[in-house]
Amino acid sequence: MLSGLCCRSGCSKWLYSYDVWRGVSYASRAVSRISIKNERRRCIGILSTTEAYRCIPVYAGPRSEYITTTSGRYFSTNRSGNTEGPGDEGRQPGQGAGLEASDNEYSAHQSLPATVIVPEVWPHLPLIAVNRNPVFPRFIKLIEITNPALIDLIRRKVKLNQPYVGVFLKTSEENESDVVNNLSEVYPIGTFAQIHEIQDLGDRLRLVVMAHRRIRLLGQIVDDSEAPPEDTDVEKRRRKRRKKKIAVESSSNDEEEKSDAANGSQETSPEDILKPLPVLMVEVENVTHEKFRQTEEVKALTQEVLKTIRDIINMNPLYRESLQQMLHSGQRVADNPVYLSDLGAALTGAEPVELQQVLQEMDIPKRLLLSLSLLKKEFELNKLQQKIGREVEEKVKQQHRKYILHEQLKVIKKELGVEKDDKDAIEEKFRERLKGKTVPKSVMEVLDEELNKLGFLESHSSEFNVTRNYLDWLTSLPWGVTSTENLNLKKAIEILDEDHYGMEDVKKRILEFIAVSQLKGSTQGKILCFYGPPGVGKTSIARSIARALNREYFRFSVGGMTDVAEIKGHRRTYVGAMPGKVIQCLKKTKTENPLILIDEVDKIGKGYQGDPSSALLEMLDPEQNANFLDHYLDVPVDLSKVLFICTANIIDTIPEPLRDRMEMIDMSGYVAEEKLAIAKQYLVPQAMKDSGLENEQIRIQDDSLHMLIKSYCRESGVRNLQKHIEKVVRKVAFKVVQNEVAEVDVTPNNLPDFVGKPVFTHDRMYDVTPPGVVMGLAWTAMGGSTLYIETTTRRPHEDSGEGSLELTGHLGDVMKESARIALTVARNFLRKEDPKNNFLNTSHLHLHVPEGATPKDGPSAGCTIVTALLSLAKDESIRQDVAMTGEVSLMGKILPVGGIKEKTIAAKRVGVKCIILPEENKKDYNDLPSYITEGLEVHFVNHYEDVYQIVFPSAHAS
């Protein structure tokens, strides 16, 4: 007879059974109940009148433990170091812990104790795959199952008192499903675990399992959950008797199926066995670690693991609770490297692959080393977390301390009367700003109203911030504050000449403004517009004017501007609203009479937000800007004392109403003499100053500058010339720093070494113009330029037939019409001068203007085209070094054109000695400075006959 201690922990009573076979004892069927008495608590009994009781001894630690099971689904355990007891005791009927259940009942929630007795060998197990961390022996894990087939299998196993599963880690962390289709989806080494608690949630099953030992996966098997692990003779006889009993009983089919399922008598058909299924049941074998000796290395590793665990626990108390749950009561692991290696690995939060390596390692010293490395990583991670936690905590403490101190200081100041309320302080600050300013009455009424409104608003409301920002802008404006202007003409001339060369028209207009202000005793705002090619100094002269007048300077560009709100401001109701550029200027300059430069006014845009050029009308109108109304401020602001200066390259794109409000001042390009003077007086000294060179280190000859202007920088402005001079100075500075030379003399010979090969190698396209080619003069936004008109025949001359004219060179409609008019004028003029010459009437002519990629338009090339056609018809070259401009009418009259200054400068730039201009442009030519007209032969003509007499040598000889 085999006996064992009661399964209840702490119970000293004994259980008795009969018929021992292979360590398994069975109670007689005649025994209806076993009564187990406990002095402190009642033992859990298994109540069944039809089933035998059996006790299965299982190794679960240093001491033997037992679990008592029956065909019911409730388990109870007890620790015992023996397999036999001192005597027999019975159990009285009715005693138990309320855990009785019939064979065919199933509980949705079943609790099993943590310490259980399991068989030493159990080769067939349900497979549970986990994808987080593996379960180490002697540790508990909560697992949730959603696979319906696996749920049914677990239920059947529990009914059959086989609460054992194999827990294996998935090879892929991304695989979240608990359905295993192939054994390659899990690692081959896992753990044998017993179910301690079951919570059936219908569509899923929640299990609490405890792992006991390592197992190796051998292969998939068909579900044998209906068969016990060992088919004994007793079981065979029992099944035979049960089959006979079922055969004679007249029970229902459902009851028979339940009885067969409970007693393991249901048979499976071959078709069901051969049907392919997912991996539910697997065959496993126990895995034992390799034998090892308690060497010094093992002892050192053990001590280091213990030390690291102790350090982690001391650093983070949460690990102490986890460790207490992992360690079973009274069990020592410090002296057992096998348990210690598992404990160390399970205590960490390492990656699943790293934990699986520990689980699969069978060499205990290596397993200890792996666990130690994981513990060290965990220790360093905890150190970092603790450091971050301390820093965050310290920061929070400091902020909290500052807040408390500020609040205390605020209360103390309020008690002492030193500090007022926030709203009172804000109101006092705004009223303090208005002291010394002459605020209009209408504006003061708005200020008082808004300040009173501010006092009734909550400081945390959005309306409070909107009102405060509005008052901030309103009180920051310079109401009645102006800067003292310079009305000294001599000083103003010195400042203007110091910064810019030439520009006599601009300087004269500014001096007139100062003179009027000096006589009147007060200054008024003006609106000036400087227009001209890029690089002539329009923007820079505005800064010099502000310095000469002792006014504050503010610049903003309207090039590409498409939003009216940039000029007039946003409505105050919008989030992030702010005033327009002019109000921002007044706040920044802190004066009512600044100089405001509106740059690139000819490039202003137009979008769906409105037309900004129309918004400029009110601001630039002297009759309206005294009461300029910004959308944000919504109060009138006086702009009549502001000096507005606009800049533009061309005036054709400026809207006519806006252009009508501005005084236009032409700033044409520079001739070579002006560029040379600007380079010597301004550009070279400034470039030397910027590069840090001294006068004794570099010397640029005038011939070099002249060559630079003639061969590299032929544009109207001096911006490109400035870039080339800076390039020369930089290269000289590099040579000086490299100690190559102490002084550099820039000459025309070595100039290409600094700026490269010349861009312009010839002054003109034709050194000698052939018949049919004439040089004209044109105006562009970049300044004046020369323009050649080329004519020739498209096919051999025919005496009969009507001629034609082909036009090329990217010509505009106006220029095409001008060419047709010129052909008619030339035919009539040739018929008069040479009646026998019908070349223009019968020839197929081709007229081309070079630089075909550049658009060309305008009527000013009329007389030039007539001259080219006559030169081709007469097969005679015109006078060399002559250029002309002028519109021709159908009757041959020469009409006036624009851009005389630019065209004259362009002609002189290329070395033209003689120019022909319309008679009505004589006044424009006389206004030109002498250094432009010097050396030029000018002819003013009324009719084309005058042009013919000048340019054709044969006519002049006759």
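Including glycine, each Cβ sits where the backbone N, Cα and C put it.
Pulled from TrEMBL, these are the features on record:
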- Ser860: active site (ACT_SITE)
- Lys903: active site (ACT_SITE)
- Gly532, Pro533, Pro534, Gly535, Val536, Gly537, Lys538, Thr539: ATP binding site (BINDING)
- 72-83: compositional bias 'Polar residues' (COMPBIAS)
- 125-379: domain 'Lon N-terminal' (DOMAIN)
- 768-954: domain 'Lon proteolytic' (DOMAIN)
- 72-104: region 'Disordered' (REGION)
- 226-272: region 'Disordered' (REGION)
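Pro533 (ATP binding site) sits 20 Å from Ser860 (active site), taking the CA atoms of both as reference points. Residue pair Thr539 (ATP binding site) / Lys903 (active site) shows a Cα separation of 23 Å.
Look at Gly535 (ATP binding site): DSSP puts it in coil. Taking the C-alpha positions, the distance from Gly532 (ATP binding site) to Lys903 (active site) comes to 13 Å.
Lys903 (active site) falls within a helical segment according to DSSP. In the predicted model, the domain 'Lon N-terminal' (125-379) shows an average pLDDT of 77. The ATP site is set by Gly532, Pro533, Pro534, Gly535, Val536, Gly537, Lys538, Thr539; from the centre of their CB atoms, other residues of the chain with a CB within 8 Å are Phe530, Thr647, Asn649, Met667, Ser716, Gly717, Arg719. Taking the Cα atom of each, Lys903 (active site) and Ser860 (active site) are about 11 angstrom apart. Spacing of Ser860 (active site) relative to Pro534 (ATP binding site) is 23 Å (Cα to Cα, whole number). When the binding-site residues Gly532, Gly535, Gly537 are compared by the number of other CB atoms within 10 angstroms of each CB, Gly535 has the fewest.
With the fewest other Cβ atoms inside 10 Å of its Cβ, the least crowded of the recorded positions Lys538, Lys903 in this structure is Lys538.
Taking the Cβ of Ser860 (active site) as centre and 10 Å as the limit, one finds 27 other Cβ atoms among all the protein chains shown. Residue with the densest Cβ environment among the binding-site residues Pro533, Pro534, Val536, Thr539: Val536, by other Cβ atoms within 10 Å.
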